[in-house]
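Pulled from Swiss-Prot:
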| type | residues | note |
| --- | --- | --- |
| TRANSMEM | 1-21 | transmembrane segment |
| TRANSMEM | 59-79 | transmembrane segment |
| TRANSMEM | 93-115 | transmembrane segment |
| TRANSMEM | 149-169 | transmembrane segment |
| TRANSMEM | 178-198 | transmembrane segment |
| TRANSMEM | 201-221 | transmembrane segment |
| TRANSMEM | 239-259 | transmembrane segment |
| TRANSMEM | 274-294 | transmembrane segment |
| TRANSMEM | 325-345 | transmembrane segment |
Amino acid sequence: MNPFVSVIIYTTIILGTMIVMTSSHWLLTWTGFEMNMLAIIPIMMKSPNPRATEASVKYFMTQATASMLLMLAVIINLLYSGQWTVMKMLNPTASMIMTMALAMKLGLSPFHFWVPEVTQGVPLTAGLILLTWQKLAPLSILYQISPSINPNLILTMSMLSILVGGWGGLNQTQLRKIMAYSSIAHMGWMAAILIYNPTMTILNLTIYLMTTFTMFTMFALNSTTTTLSLSHTWNKTPIITTLMLTILLSMGGLPPLTGFVPKWMIIQEMTKNDSIILPTLMAIMALLNLYFYMRLTYSTTLTMFPSSNNMKMKWQFEASKHKTLLPTMIILSTMLLPLTPMLVVLD
């Protein structure tokens, strides 16, 4: 891709998200979403093959449908309240349609079917943007309208997302699909706490962004997209492969790693609000995610597959790739648990 074109595209993606997050007018918010959607499609189609084209079309159709629903909700709210200001939705129907539109943009269940297919069909860079940056805009709107969201609707979606995110990833060998199902499950956790403590959603999102960014950077560094190719990475980058074990366990939510913080705090917050059954079910369903992370850990770092002598020397001929941010992100993705006492500000 031409560097000049690349700069324009990435600037538009950043600008689109910023417009959504900072605007107080629904029409500007909608414009930001459209800029965001149209700018990422060239990145998704960077390598022109049928899979990338199919993924781009699926993404475009899903996001366009979600944008139409969003505008429908805005118009219903406008007819009811007479204003375009981004605030809590006064009309229950408008609130429900808006929640469904944003759930479709985020990939919450039952609107999750596009996420694994699209992520699998695009390059690792586009997959990373899709599962991290593209979540910011819809979540910022959900955060703003959280007081008027129907609790039953959002909790049903979140429980389904955690279940689907765990179940869907069980039999996968493609790393991008595993990360997509992991994203669905994490979005479920964020949606569950939204009506109780929206600030905690931001904490969860921050940790999710850090761990997902670190994993995708490691995949890109080793040029791996399947569990089989990942099992050979110890020949190329033994240190990074060892660190990958801790990142995977952190994503699974095991103490004493960073990924345990949001799960612990969300379950604690929901229990404080006299919700016992939901957090119990969420904790049980999180074990499904943990299982496929453990399986990935086992095949990647705890076993050594038979390989030829040529393969063992492969690391000597690897071209050096930029890994400036990686050490910092690895530390943040694994060692933030001791900072938890400082998060009392969230209560």
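Here the Cβ of each residue, glycine as well, is placed from N, Cα and C on the backbone.
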Taking the transmembrane segment (274-294) as the first stretch and the transmembrane segment (201-221) as the second, find out whether 3 or more Cβ pairs fall under 8 Å, excluding pairs closer than 6 in sequence.
no
Contact set, same chain, for the transmembrane segment (59-79): CB under 8 Å, 6 or more residues outside the stretch:
26-27, 30, 33-34, 37, 40-41, 44, 89-91, 93-95, 97-98, 100-102, 104-105, 111, 114, 118, 130
Restricting to the same chain and to residues at least six past its boundaries, which positions have a Cβ under 8 Å from a Cβ of the transmembrane segment (201-221)?
124-125, 127-128, 131-132, 135-136, 139, 142-143, 175, 179, 182-183, 186, 189-191, 193-194, 230, 237, 240, 243-244, 247-248, 250-251, 258-259, 261-262, 265-266, 321, 323, 325-326, 329-330, 332-333, 336, 343, 346
Which sequence positions outside the transmembrane segment (149-169), separated from its termini by at least 6 residues, show Cβ-Cβ distances below 8 Å to it?
92, 95-96, 99-100, 103, 108-110, 112, 116, 142, 177-178, 181-192, 194-195, 278, 281-282, 285-289, 291-292
For the transmembrane segment (178-198), what are the same-chain contacts with Cβ under 8 Å, counting residues 6+ beyond its ends?
103, 106-109, 112, 115-116, 118-120, 127, 131, 135, 139, 142-143, 146, 149, 151, 154-155, 157-166, 168-169, 172, 204-205, 208, 212, 215-216, 251, 262-263, 266, 269-270, 273, 275, 278, 282, 286, 289, 292-293, 296, 346
